[in-house]
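Taken from TrEMBL, the feature active site covers CYS150, HIS308, ASN332. Here TrEMBL flags 97-392 as domain 'Calpain catalytic'. Residues annotated as domain 'EF-hand' in TrEMBL: 624-659.
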Amino acid sequence: MPVKIVYDPDDSAGRVPNKNVKHRSLVNGKVINVKMGTPDDYKKVLQTKSSTQRLSVNPDVPKTLTPKGYTKMQLMMGIAQKKYDNIVRKLKGTNSLWEDPDFPLNSAIGNIGNLPRLEWKRPKEINPRADFIVAGADRGDVVQGQLGDCWLLAVISSMADITELFNHIVPKGQTIQGPDYVGVFKFRFWRFGQWVEVLVDDRLPVVAGTNEMIFMHSDECNEFWSPLMEKAYAKLNGCYANLSGGTQGEAMEDMTGGLVESLDLKKVPGPEFYSDVHKYLKRCCLMGCSITSKEIEAKLNNGLIAGHAYSVNELEDVTYKGSKVHLLRVRNPWGNNYEWKGDWSDNAPQWRDVSEADKTRLHLRFAADGEFWMSMDDFMKCFTKLEVCHLGHESLEEGMTVKGKKRLEETFFSGEWVKNVNAGGCANFRDTYWTNPQYKITVTDPDPTDDQDKSTVVIGLMQKNVRKRGGGNFLTIGFCVYKIPPNTEGLLKRDFFNTNRPISISEFTNTREVVVKLRVMPGCYLIVPSTFNPNQEAQFIIRVFTETIIKESECDDKNSFKGLSEEMIKAIKEAEKTKNEDDFVDSLFNSAKDPVTNSINAEQLRDILNKSTMKSSCTDPNGFQLEAVRSMLASMDNNMTGKMEYDEFKKLWENCQCWRDVFAQRDRDASKTLNVTELREALMSAGFHLSGLVFTVVVQRFVTQKLNAVTFEDWLICCVRLKNSFETMKAQFKTNDGNLMFTEDDFLRLTINQ
């Protein structure tokens, strides 16, 4: 049956979505229908096609469990292929052309001003000789139309020259001619750790009454892969209008699954820039540059355009008048005569003094094609930003290279900031900062070509599924990196961060992604991602790109219960002796107990607790409520009688005394409650060490929304239940590999008692 979902048009770049509905989070979106179902022959899709397997994974396993998740992506693409095949088969059966129900023409354009009156035509209506790709794809196939998406064109034109990437994003075998044509085309884009396939029909906007295409097109009048790819990306982002004013970095990542590093050319020394770009061109990288400007696409006297995206595809040295000159080849995606007019431009006098051998090596040609050379010095003076997209495991097949160039190793983490659990804010908030997620990486080897025995580490933190609200911004995010001892285990606590300074602090910005490049010695490092302010919720991914393989793990406490220290128990008992309360509660128990079973029920236990000094610690002036006491009794009722015998009561009473003391120590403001940070520290003081997952459940169960804290009554219930759970696990039968074994009766009894 169809399942309605809210299509999130801005979950990539945070653009303002286009129309129609309100999500439960009050975010604008568009409802689309997704046919749920698995092809009948899905098992064939999942079969390996060669004897060597990269990974064996269940296609339903979360992506976070397979960081190099190419195998899962291939499996999901196989299932997407079956969906595509089903559409094609049905259209052939009815001799019809596809009309995409999820991207209707009346909302596909969005809000774009000054457009001519338009109509929609299929490629064969525009040109009878139309085909998908004509004589191979190249950067000349990408010409900008009346949409401000030069940033997208720059990336697409770069990829058109890289066959390995192009064939991954634009699957082979698609055609506009022949019996297989049914008006449906498919493209692939990277989305927050996984690849998705987008289907579009081939109706394209043209000026009404003509065949003049309005948006992206090819310089070959019968070639249509580039406008269809632009349409697919527009669908992914909600509409064509949402493609105006993006960044090359966004498009690079969405088209490749790579990680984009941004260089401020006004801050990078020339020799370092030359060395970096030279290194990048030996790797699997895409590069783009731009001139920062408040005005979009402002034409400058030197031929360049501010607020416009260019691609960079070569760095070469030539000999000029006896000296070596560094030249970069740059391309304007407009593909016309808007080119650099200075030194080393087309037909510039400098070329007269360059040898024919150098000209041949550079494949030098002069044409009004948007491509030009300029010296590195002029490049750094004129442009303000260079964006470098490093390709990793998400971008290519195992072992695949781009033009013989090696991709980087990639490490992937996925996480979430949860209010009152691990959304601790930046290091300015010392009380909560340590609760943020923590990730450990171990760099074992330096870069093969590094003469200082250092390793290059590029770290990117990206917030997922961010939705702009009426022009609002992303959350402000960033991260710190710390050097840590090799044997570090578990979540590092407040003391560590109070006494250790980070080796690197990223910018904290309200952008989709924050990236930092480090050069570090081999060793262990800790990455702590955070929002700037505490208790801001978002999902995120962290990617770490390196030249050599690194080890990685999430720092988290292991679930364990060690109990209170002997010293603390002794001190508490000594303090309690002065109150003479033990004898008093014993007398209360003896007065209330059943003379036959020597036990008390929940009502009697409540009365005893409310007559003791425990009541004074309660938030409720009436003391303990019956339901809370029933829960405490059930957790201690090992023989399942529904009552509490003296030994069980005495054990509970002694534990409650200890837990009351811990509560008082951590309740720094004497509010008779513990905030979430105090709760976490109180649990550790009481001997409970919990993983992030278990602590999240504790917070959800025991922290009251009204107080945003835990009351003393709930604190006692929490401790009783945790203690009982750990003791149950310890006593339960285990398999040879350490897994617990429960019968149905055991499981139901224990869960009901909780």
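Cβ atoms are placed via backbone N, Cα and C, with glycine included.
Whatever TrEMBL says is automated annotation, not expert-curated.
Same-chain residues lying 6 or more positions outside the domain 'EF-hand' (624-659) and placing a CB less than 8 Å from one of its CB atoms are 564, 568-569, 572-573, 576, 582, 585, 589, 593-594, 597-603, 605-606, 609-610, 614-615, 618, 686, 713-717, 719-721, 723-724, 749, 753-754. Counting every protein chain shown, 24 other Cβ atoms lie within 10 Å of the Cβ of CYS150 (active site). Each residue in the domain 'EF-hand' (624-659) gets a DSSP state, and the totals come to 25 helix, 2 strand, 9 coil.
Cα of HIS308 (active site) to Cα of CYS150 (active site): a distance of 6 Å. For the pair CYS150 (active site) and ASN332 (active site), the C-alpha distance works out to 9 angstrom. The average pLDDT for the domain 'EF-hand' (624-659) in the predicted structure is 85. CYS150 (active site) falls within a helix when secondary structure is assigned with DSSP.
Around ASN332 (active site), the same-chain residues at least 6 positions away in sequence with a Cβ under 8 Å from its Cβ are ILE305, HIS308, TYR310, TYR338, GLU339, GLY370, GLU371, PHE372.
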